[in-house]
Amino acid sequence: MKALSKLKAEKGIWLVDAPKPEMGHNDLLIKIKKTAICGTDMHIYNWDEWSQKTIPVPMVVGHEYVGEVVDIGQEVRGFNIGDRVSGEGHITCGHCRNCRAGRTHLCRNTSGVGVNREGSFAEYLVIPAFNAFKIPDDISDDLASIFDPFGNAVHTALSFDLVGEDVLITGAGPIGIMAAAVCRHVGARHVVITDVNEYRLELARKMGATRAVNVAQENLKDVMKELGMTEGFDVGLEMSGVPSAFRAMLDTMNHGGKIAMLGIPGGEMAIDWSKVIFKGLVIKGIYGREMFETWYKMASLIQSGLDISPIITHHYKIDDFQKGFDAMGSGQSGKVILSWD
């Protein structure tokens, strides 16, 4: 089968002929229709320090996808040949305390599709049936292929009550932009998103952000005054991993504010902890998606009218995968879809 593999311990990714994956009694074999390129895939492509420590070489990568079930393990129930599915990319152990308590997104033994095991940048993928999610008929393949990052946005945004609240999102990557759309859809008052990438800020405006602020050109506190905000942000969603952005968030949060953090800093990050203490802030770390509450909410949000389609800006056939990675690397894109049909 065709597959994109991290074939060498250097920058790049390679289109190869790989063996079709073998499945077990509890697995599904999925014929991939579309995949999307994630920021994690770009880390792997660029072979940065994290990738060098984490990714086995060679390995098929990728974890954002939609496909069709073409074979079913003999112990599997609830799925049929022809079902259209995406899937949870975090494979959990099932036996740790959190798994047994139903908090599988907090499994201490999580293995990542396309990170620790063979991924979805291939014509076929095998995953445990437990991890598969049936896609409703009224949700397109394009949208289904980005359910993984959309789930990060939904999990982060819905961590706290948003109705009538003022929300600050730091980092206008695709996940931050989708989070802005979610916040507006569920009833937030002002949704302000910050970045320095004007292309992505314009995407955020199209997706419903009240204000998309280029912090290299505008002062966040001036924007708050223009919006008539007299206190501070009630909810903060940190999506950038940039220390200066997080410090700006701490400066502008209201007392008693709540922060959900998805962005991963490049190293240790110093902050003024007295602001956290004296403001009584709550900080929650976010990793992945809640299984499978987030997945059901994703489908319901789209079915209730949330439009995240503008975040998809580029489509390529798999043979043109290099153009897709170049588009992602340029910073002048939203989500990039690769078609395997």
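Heads up, the Cβ atoms here are built off N, Cα and C, so glycines get one too.
If you look up Swiss-Prot, you'll see Thr40 (among others) marked as active site, charge relay system, on the strength of sequence analysis. DSSP assigns Thr40 (active site, charge relay system) to a helix. Other Cβ atoms within 10 Å of the Cβ of Thr40 (active site, charge relay system) number 23 in total over all chains.
Swiss-Prot lists His43 (among others) with the feature active site, charge relay system, giving sequence analysis as the kind of evidence. Neighbour count (other Cβ atoms within 10 Å of the Cβ, all protein chains): 17 for His43 (active site, charge relay system).
Within 10 Å of the C-beta of Cys38 (Zn(2+) 1 binding site) we count 24 further C-beta atoms, all protein chains included. Among the features that Swiss-Prot reports, Zn(2+) 1 binding site is placed at Cys38, His63, Glu64.
Residues within less than 8 Å, Cβ to Cβ, of Cys96 (Zn(2+) 2 binding site) and separated from it by at least 6 positions along the same chain comprise Cys107, Arg108, Asn109. Cys96 (Zn(2+) 2 binding site) falls outside any helix or strand according to DSSP and counts as coil. The Zn(2+) 2 binding site feature in Swiss-Prot is assigned to Cys93, Cys96, Cys99, Cys107; the stated evidence is sequence analysis.
Under DSSP, Leu262 (NAD(+) binding site) is assigned to coil, being neither helix nor strand in the three-state scheme. Long-range neighbours of Leu262 (NAD(+) binding site) (same chain, six or more residues apart, CB within less than 8 Å of its CB): Asn152, Thr156, Ile175, Leu237, Glu238, Met239, Ile286. The NAD(+) binding site annotation in Swiss-Prot covers Ile175, Asp195, Arg200, Leu262, Gly263, Ile264, Ile286, Tyr287 and is backed by sequence analysis.
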Binding-site residues: Glu64, Asp195 - member with fewest neighbouring CB atoms within 10 Å: Asp195
When distances run from the Cα of Cys93 (Zn(2+) 2 binding site) to each of the recorded positions Cys38, His43, His63, Glu64, Gly263, the nearest one: His63
In three-state DSSP terms, the structure that Ile175 (NAD(+) binding site) belongs to: helix
Cβ-Cβ distance under 8 Å to Cys99 (Zn(2+) 2 binding site), same chain, at least six residues away: Thr92, Cys93, Cys107
Recorded positions clustered about His63 (Zn(2+) 1 binding site) [Cα within 10 Å; pool: Thr40, His43, Arg200, Ile264, Tyr287]: Thr40
